[in-house]
C-alpha cells in the first residue's frame, strides 16, 4: 500500500513486480553514472584552461561516443526484454477471472465456476469504517488464492478502462469488444489496491480495484459461501 511522502514503488507482491523493481534499480544506476560522468566532464571543461577548444577531428573520441552508448543501451535492453516476455507468459493458470470495466465500477466473473460473479463498487466516504481507505475500498473484493497462477481476462462494456494493480506489477487496458489477458502470482497474503488507469469519464477516480490474496483453503471456503449466496 502506498503511503504519504513515498518516493519508490509499492512493496512487491508478485515475482514479476520483484523483477520490475530490480530493473528499475538497474536502470536508475546507469542513469546516475551517466549523469555523474556528464557533470564531471562539464566541470573539468569549465574549470581548466588546458582544454583544447579547437579540435576539428578526433577518431578516438568518435569511436568512444558511438560504442559506449551502444553498450549502455544493450545493458538496458537485455533485462528489459527478459521482463517483457516474462510478463506475457501464462502457463497453466489455476484460476481464470474475467474483469469487465463499466462506467464506473468493475464486475468479476470466475469462469471456472458455473455461477460465481459479482459487481464491485466503491464504498462512499460516509460509509467507511475506521481503518478503511478513502476512494480505495470496494463492497466486494476480488479474492484469489496465493502462490497460484491467476489469469485475468480484461474487457470493457462501454468505454476504455484499464485494470491496474501496482503491487502485482499488472496493468492491462480494457477495450470494448476486445479481450485482453494478463496474469500474476500473489507471492504473499494480503489486500492489494489499484484503480482504473485510463480516463473513462466523470467518475474515473471512483472505480477502485481491491484484490485479496488468501491461502487456498480460505479461498475454497470463500467460493463455497459465494456459490451458496448466488
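Including glycine, each Cβ sits where the backbone N, Cα and C put it.
Swiss-Prot has this to say about the protein:
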type	residues	note
BINDING	161, 196, 200, 207	Cu cation A1 binding site
BINDING	196, 198, 200, 204	Cu cation A2 binding site
BINDING	198	Mg(2+) binding site
TOPO_DOM	1-14	topological domain 'Mitochondrial intermembrane'
TOPO_DOM	46-59	topological domain 'Mitochondrial matrix'
TOPO_DOM	88-230	topological domain 'Mitochondrial intermembrane'
TRANSMEM	15-45	transmembrane segment
TRANSMEM	60-87	transmembrane segment
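For residue 198 (Cu cation A2 binding site), the Cβ neighbour count at a 10 Å cut-off comes to 17, with all displayed protein chains included. Beyond its flanks by at least six residues, the transmembrane segment (15-45) meets 9, 51, 72, 75-76, 79-80, 82-83, 86-87, 166-170, 184-185, 187 of its own chain at Cβ-Cβ distances under 8 Å.
Using DSSP to sort the residues of the topological domain 'Mitochondrial intermembrane' (88-230) gives these counts of helix, strand and coil: 24 helix, 63 strand, 56 coil. Secondary structure of the topological domain 'Mitochondrial matrix' (46-59) per DSSP, as helix, strand and coil residue counts: 3 helix, 0 strand, 11 coil. In this structure the alpha carbons, written CA, of residue 204 (Cu cation A2 binding site) and residue 196 (Cu cation A1 binding site) are 7 Å apart. When the alpha carbons of residue 207 (Cu cation A1 binding site) and residue 198 (Cu cation A2 binding site) are compared, the span between them is 11 angstrom. Across the structure, residue 198 (Cu cation A2 binding site) and residue 161 (Cu cation A1 binding site) place their CA atoms 5 angstrom apart. Counting other C-beta atoms within 10 Å of each candidate's C-beta, the binding-site residues 161, 204 are led by 161. Each residue in the topological domain 'Mitochondrial intermembrane' (1-14) gets a DSSP state, and the totals come to 0 helix, 0 strand, 14 coil. Here the binding-site residues are 196, 200, 207, and the one with the most other Cβ atoms within 10 Å of its Cβ is 196.
Close to the recorded Cu cation A2 site, the chain also has 101, 104, 159, 160, 161, 162, 197, 199, 201, 207: residues not among 196, 198, 200, 204 whose Cβ is within 8 Å of the site's Cβ mean position.
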